[in-house]
Amino acid sequence: MQNLSVNACLAPACSMHKKHVVTVEGLGNTKNMHPAQEILANAHGSQCGFCTPGIVMSLYTELRNNPRPTKHDIEDAFDGNLCRCTGYRPILDGAKKFSVCGNDCNTCEEKDTCEHVDIEDFGKKNAGGFGVKYPDELLTFHSNASGPKSFIFENKRHKWVHPSTKSELVALKLTKNTFPDAKIINGNTEVGIEVRFKNQYYPIYISTADVAELKTMSVLDNGVEWGSLTTIANLQKQLKELIKKLPAHQTRGFEALYDNIKYFAGRQVRNVSALAGNICTASPISDLNPVLVALGAILTVESQNGGQRKLPIREFFLGYRKIALQKTEVLVSVFVPFTTELQFASAFKQAKRRDDDIAIVNGGFLVSLKEQDGSYIVEDSCFAYGGMGPFALQAKKTSAYLKGKVWSEGEVKTACKLLLEDMPLSGTSPGGQIEYRKTLSQSFLYKFYLRVADQLPSLSIAENVKSALQEIHRDISSGSQVYQESKEAGAVGKAVVHLSATKQVTGEAIYVDDIPKFHNELYAIVVGSAIAHGRILSVDPSEALKLPGVYYISHQDVPKSDHHGDPNMIGSVFHDEELFATDTVHCIGQMIGLVLANTEAEARAAAKLVKVEYEKFPAIITTEEAIEKKSFFPIERQIITGEFKGEETDRPLASATHHVEGVARMSAQEHFYLETQASLVVPGREDDEMEVYAGTQNPTETQHLVAHVLGIPSNRVVCRVKRLGGGFGGKESKSVFLSCGLAIAARKLGRPVRCMLSREEDMAISGTRHAFMGDYKVGFTDEGKLVSLELDLYANAGYSYDLSIAVLERAMTHCDNSYRIPNMKLHGRLCKTNTPTNTAFRGFGGPQGMMIAEQYICHVAEYLGKTVEEFINFYKENEFTHFRMPLENVFLERAWKELEASSEFHKRKQSVEEFNRKNKFRKRGITIMPTKFGLAFTARFLNQAGALVHVYIDGSVRITHGGVEIGQGLHTKMVQIAAHELGVPIEKVFLSETRTDLVPNTSATAASVSSDINGMAVKNACEQILNRLKPIQEQHPEFTWEQVVKAAYMDRINLSANGFYKTPDLSYDWASNTGRMFSYFTYGACCAEVELDTLTGDHIVQRADVIMDIGRPINPAIDVGQIEGAFVQGMGWSTIEEPLYSPTTGFLLTRGPGLYKIPGFKDIPVVFNVTVMDGVRNTRAIHSSKAVGEPPLFLGAAVMFALREAIKAARAEQGIGGYFRLDSPATSERLRLSCVDEFVSASKTDLLPGEKPWGVPL
């Protein structure tokens, strides 16, 4: 019996026949949790909770299969899971409670995770036991079954054929007119993607999951033969055992294969995907095929009428997705020969992310040598590459050149040049990254040479290159969280577990799409524009409407007019976006209409039948294009200070003895909240009422705009929000469009309407973080004192305003980061492009402004030949920012100095320098970086909040406020505040959801101030009630809370209060640059250390130390989680994540988790230390706390600047000095190409006139 974790989204229901399916709900519930659930909840390992069930099941599966896991096993168990909120650290810390540490109990500091803990005993503490019992019925079924176990399922559209023997399988492929073209699947990991994302349709599936004959392994005299249906996970285990048992020289090829399997997809995919599927799919970036080609694998194929035949895999791939397998044949086995004494093999892979990522380039390498006159001569070789062509290509010219040559560095470097002929990528080749891919192909071959040379006794390689032989080693992650819990009485300041955590780990938490289906409910699918810019000539839904139960909604169904203007025009600031496109479309994915049907599947099928004809117009995609074509929105912003305010604003300032000019550019970032945009609209039976269950950060705007498009008053619309599965700003304004569209449909049809966007739809239409570009000129003195900054700032807004003005404003107010610059001339513009409107994202322009600041700081430092920490221009107490805000309680220098000491920065910097002197192709970098983030909505009217508090006769309390629970723990903090103010236990206070009929006119949950303003509103409501109860408490001091409440009720005292708060003293005028823009600032700093492989661009974050001034936290554990999550998200923004668009069509190329990568479990810092600064106060927020959601995000960019230091060391190794431009994100591509060497120089590829690259960033 096996316990396997699988991806539910890819596992067909038919494949579950005769299997016991265990989901998170089956492990336990809130009243009786499984230990895996309980530990993750108590470890603060769940924030928004949408990813939590999958993480729980990965942990459970590991523990079922391995009751005594090591910490390494625990970390490996999550290689197929993602989380966008936590930063992963608390998940790992909690899960590692199950691990054996291997230390002596007398010295081990982790008594609950030592090797003497019996995990099974731990599980027995839970009434349900550690594992879910396998059903007796299935045991009986399997034990009693005899004869063939084949079966067939079918419906009107599909047939599922499930053979159980090889002979049955082979026979099926010969069946006339039916099965030769049937799709053979094992784990559905490839076909499932084709059907879901590539609109493929296959009427017949042949499932091979139970053909046991093809899952065998046979060790032969000259190699090992695997059955073709061996899963990748089992292959991985078997290779590991073979490597242990067989002579080392025989298993070099197996080691190469094992090395690439480690990074093959995620565990859930490896558990079900088969060797045959990966080979026969013939993917050009298969992780296995290049290695199998290099090793000279032999394939055995079989057909019923032709018997068996052998095929060398080197002759198997004929073209893109074309193989030498006839329709009637089945691949039955794969033979991999042993390597001989002088045969050497290796495999390489480079991707955006360490785990669960497709290769940019991968390779399998084999060389056969003979010894001759003290040298080693190449007898034969095979170098096979993935990612360099339409299939796994062999470098035949390179191999031919090396044949008969001495295996030496000089010959191999000469051969590297021939690789460029073997792998002739043009500047427009699919996949892009042309120069990087060419560079990697050479780097891999050179690394292979080094590996082989190191194993040959008569060859020696220099000590300073040996670190390049293997991938960068990553230790088990660890870290610390330093904070002070309040010692005072009351609930505030305590590390209370997120109040929804137990529901989230048990799968009981309700999100929009979990709401049970209403009677007569319809499902909606968006019909979006297929072009980036053009005129709609016609829309024809007639074919879709022929299907039963299908409806089509468009602009024609929107009321024609109301007293607020055109109902089809909506938007957050200006109503400048059409709900449904009428005449012109401005980006791919812009909503033209909705198709509705009884089920999602029916609606999707019908939506494909809607025909739209267009007249195409030229499209503008990138920021540079918009600047060149002067495509700007009319509203601009500028700030001019100091000497620039004079008449001669273009003259150089006398006090600045030096100037540098440059460009800082940063790409967009996808929100990648785990729960995509979702809404459910339920029409009322009378008075035009409408109830909206929305996944939104902005219930009031949802309410108002739904009312607007329907032409009804807002008092007829109620928006309800239970919780979101992440938001990060992406559900502040863009979520409203979906709700408005569904409302039109619900109103017209009189039926509830639901929609949850697919990941690809969501990414295509919901907008991103704004890409920014800054042209700067900085003046400074010999000592590095900053004198002036001239900055032209450009933000790619997309096709409409949305919130872009405010994003631009915040970028302009943060382009100083933490540095005082007395003379500034800033000009900000919004670029209008034919891309989805970009929107709010955690930081809201602040990180972009600070990124530009750190770029020009680096430029100045390198111009002066200094390091950035050698000259500090920090703001000081009572100084003014460039937007005239006075600075109070400035903790910048304190944070910097404390971090310098606690991180041992100077000592470690010396160690880094020593490491770099000793290693040629590995470089480390370390840096320290500050942040200063302003807190308040820049729109003054938004800085207000309301709350409603009810006290019931039994003493229980129910509160509601205007904020939304996104995962940030807002509801938990509000409950803590209410309990604290009322002097009752937390358990007395209940908070259900956010509703616009209970707390009206709320501001969006955004700008990191929701705890500040809603907390004050809750406090205000509680104070009103307490003031009413005060006479009773004074008269009866012996009364309990319950007695006081009961007495108040009997005395007819109002036990309900409506609280309100508005942030004081806020006002700012852009025209005059006067007034107070922010309530206060949050300060922090980060020290980051990285290690970089300069031959590939691969890197790891060895350590990150973060210190934050967040006042006195309402809940320090939740706030630490926010710091960690923000840091990792900022690290992703600045090093990994980059949306790419087609420059010719405007199509988003990086749609979905397969092509867009966020940081995973093994991308976080190996050592991750977070400290909450102690002893600081903030008089301008609730209980002296400070906002924490956005301020830490920019500190993740310290990783990028540490990588910059590593690149500097690599360039110095090559004799290259001076400033160099490094755009954000610092992807592996940019990192490698910045480490200029002979391979990079040889890979230079220019576009021909009129050509455009495959993909471009915004």
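Just so you know, glycine gets a Cβ as well, placed from its N, Cα and C.
Values in this document were obtained by computation on a predicted structure and should not be read as measured data.
Counting only same-chain residues six or more apart in sequence, the Cβ atoms lying under 8 angstroms from the Cβ of Glu1190 (active site, proton acceptor) belong to Arg842, Gly843, Phe844, Gly846, Phe933, Ala1007, Ser1008, Ala1126. Residues annotated as active site, proton acceptor in TrEMBL: Glu1190.
Feature annotation from TrEMBL assigns [2Fe-2S] cluster 1 binding site to Cys9. DSSP assigns Cys9 ([2Fe-2S] cluster 1 binding site) to coil, not to a helix or a strand. Cβ neighbour count for Cys9 ([2Fe-2S] cluster 1 binding site): 11 (other Cβ atoms within 10 Å of its Cβ, all protein chains included).
In sequence order, Asn81, Leu82, Cys83, Arg84, Cys85, Leu674, Gly725 are the residues near Cys51 ([2Fe-2S] cluster 2 binding site), counting only same-chain partners six or more apart with C-beta under 8 A. For Cys48, Cys51, Cys83, Cys85, the entry in TrEMBL reads [2Fe-2S] cluster 2 binding site.
The FAD binding site feature in TrEMBL is assigned to Ile184, Ile185, Asn186, Gly187, Asn188, Thr189, Glu190, Val191, Phe264, Asp287, Leu331, Lys349. DSSP gives Asn188 (FAD binding site) a coil state; it is part of no helix or strand. Under a cutoff of 8 A between CB atoms, and with a sequence separation of 6+ in the same chain, the neighbours of Asn188 (FAD binding site) are Leu10, Ala11, Pro12, Ser15, Val272.
When Cβ atoms from all protein chains are considered, those within 10 Å of Gln697 (Mo-molybdopterin binding site) total 29, not counting its own. Reduced to three states, the DSSP call for Gln697 (Mo-molybdopterin binding site) is coil. Look at TrEMBL and you will find Gln697, Phe728, Arg842, Ala1007 tagged as Mo-molybdopterin binding site.
Under the heading substrate binding site, TrEMBL lists Glu732, Arg810, Phe844, Thr938. Around the Cβ of Thr938 (substrate binding site), the number of neighbouring Cβ atoms within 10 Å comes to 21.
Among the features that TrEMBL reports, domain 'FAD-binding PCMH-type' is placed at 153-341.
Using CA atoms as reference points, the binding-site residues Cys48, Glu190, Phe264, Leu331 were checked against Glu732 (substrate binding site), and the closest is Cys48.
Summarising the environment of Cys48 ([2Fe-2S] cluster 2 binding site), the number of other Cβ atoms within 10 Å of its Cβ, over all protein chains shown, is 30. Between Gln697 (Mo-molybdopterin binding site) and Cys48 ([2Fe-2S] cluster 2 binding site), the C-alpha separation comes to 13 Å. Of the recorded residues, Asn186 (FAD binding site) and Cys9 ([2Fe-2S] cluster 1 binding site) place their C-alpha atoms 15 Å from one another. In the predicted model, residues of the domain 'FAD-binding PCMH-type' (153-341) average a pLDDT of 93. Around Leu331 (FAD binding site), the same-chain residues six or more apart in sequence whose CB sits under 8 Å from its CB are Ser228, Ala276, Ile279, Cys280, Leu299, Thr300, Val301, Leu325, listed in sequence order. Highlighted in sequence order, Gly729, Leu803, Ala806, Val807, Glu809, Ala840, Gly845, Gly846, Phe937, Ala1006, Ala1007 have their Cβ within 8 Å of the centre of the Cβ atoms of Glu732, Arg810, Phe844, Thr938, the residues recorded for substrate, and are not part of that set. Maximum intra-site Cα distance, substrate binding residues Glu732, Arg810, Phe844, Thr938: 17 Å. In sequence order, Ile232, Arg270, Asp287, Leu288 constitute the residues six or more apart from Phe264 (FAD binding site) in its chain with CB-CB distances below 8 Å.
On a Cα basis, Thr938 (substrate binding site) lies 48 Å away from Glu190 (FAD binding site). Here the candidates are the binding-site residues Cys9, Cys48, Phe728, Arg810. The one whose C-alpha lies nearest to that of Ile184 (FAD binding site) is Cys9. Sitting within 8 Å of the Cβ centre of Gln697, Phe728, Arg842, Ala1007, and not among those site residues for Mo-molybdopterin, are the Cβ atoms of Gly727, Gly729, Gly730, Glu732, Ala840, Phe841, Phe844, Ile966, Thr1005, Ala1006, Ser1008, Gly1189, Glu1190.
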